[in-house]
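Down below is the structure, laid out as structure tokens.
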């Protein structure tokens, strides 16, 4: 005997792109039954169980349904912006010259430290809303522009508040090992002491961080210093991720794999050894085409090696004031295809299935399957490849967040 299924809402009248296993796996004329914010039944409409009852039925007029988008790498909370420096760079002023004038990341650190929480919140809301308009239902937000215990906690509190004020799930990452603050010039190990002994334990104790990140690069922190950060994160019970191999090959992504990091991000200079280690560890490669584009880089991430070694590839906006002031995940999907040669199917998996894995959420998010969170998007499109094809326009018809239409 078939048991009765009762749901709050039955959504039907569109093709459902489930993204199970990172593939389209489209259900023609599909239906999704949701209850208490979860998917309780999914399949073709003609296969609806006779025992299924719904409090409401919502019929779409064609189109496609995809999982909600996940932006798994952002720096949305910061003070000010660096549009003046953008103009300077276009006029031939080097990054080193800008930094010598007090610009670069240190200018953002100053603006972030000077801003109170309400001002940071106001600015972050302005940046987050365009992502939500495109169907983002889950977003990761990093700290990393405070670089003191007080300012890092301030950033993380603002990130948490964003998830309370807007209908979006926010995952927070403590990125205190992002840059060397000016007061620690030539004392990087001392600053790492502060990160490991004070900032990470405070963030964990306050419940403000879901993960810990670091920037492993010649202009930031060495693999040995990052290893200390990872040890502190693990002691605090937090998973790790890493900015790695963006500008040079330092072995950061292999280090991340050794620590079973959720993800290693950027990866333009990753090697086959890195890709093999990441594949073995299940570490996701998060590709950030916005930074690649704005910095006019010429070395692409080794996508073929990631495919060869079964490394899941996610895509994110890397929204930040310096190298990727990008507030469109749809544009990142197109850039990943045109610049990095991902297929449209891989790119869609990059903002759904694999983005969920990059945040440790693969059991609950990223695909449309029974038991998972009811976050999905209805698009006025006929094929999922159109999500990578169109530049601008074509916003969602409807975004469903936890089983309810997001207003």
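Keep in mind that glycine also has a Cβ here, set from the backbone N, Cα and C atoms.
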- Check Swiss-Prot: it lists 82, 178, 246, 323 as binding 4-imidazolone-5-propanoate. Then name which of 45, 145, 191 it lists for that same site. 145
- Note: Swiss-Prot has 73, 75, 243 binding Fe(3+), and from 318, 375 that site also includes 318
- Other than 145, 320, 322, which residues of the same chain sit close to N-formimidoyl-L-glutamate? List them in sequence order, counting a residue when its Cβ is within 8 Å of the Cβ centroid of the site. 75, 78, 82, 105, 108, 144, 321, 323
- Query: Say you check the Cα of residue 82 (4-imidazolone-5-propanoate binding site) against those of the binding-site residues 73, 75, 243, 320, 322; which is nearest?
  - Reply: 322
- Nonlocal residues around residue 73 (Fe(3+) binding site), in sequence order (Cβ under 8 Å, 6 or more apart): 140, 142, 263, 265, 286, 288, 314, 316, 317, 318, 358
- Task: Determine which residues of the same chain, besides 73, 75, 243, 318, have their CB within 8 A of the center of the CB atoms at the recorded Fe(3+) site, and list them by sequence.
- Result: 74, 142, 265, 266, 286, 288, 291, 316, 319, 320, 324
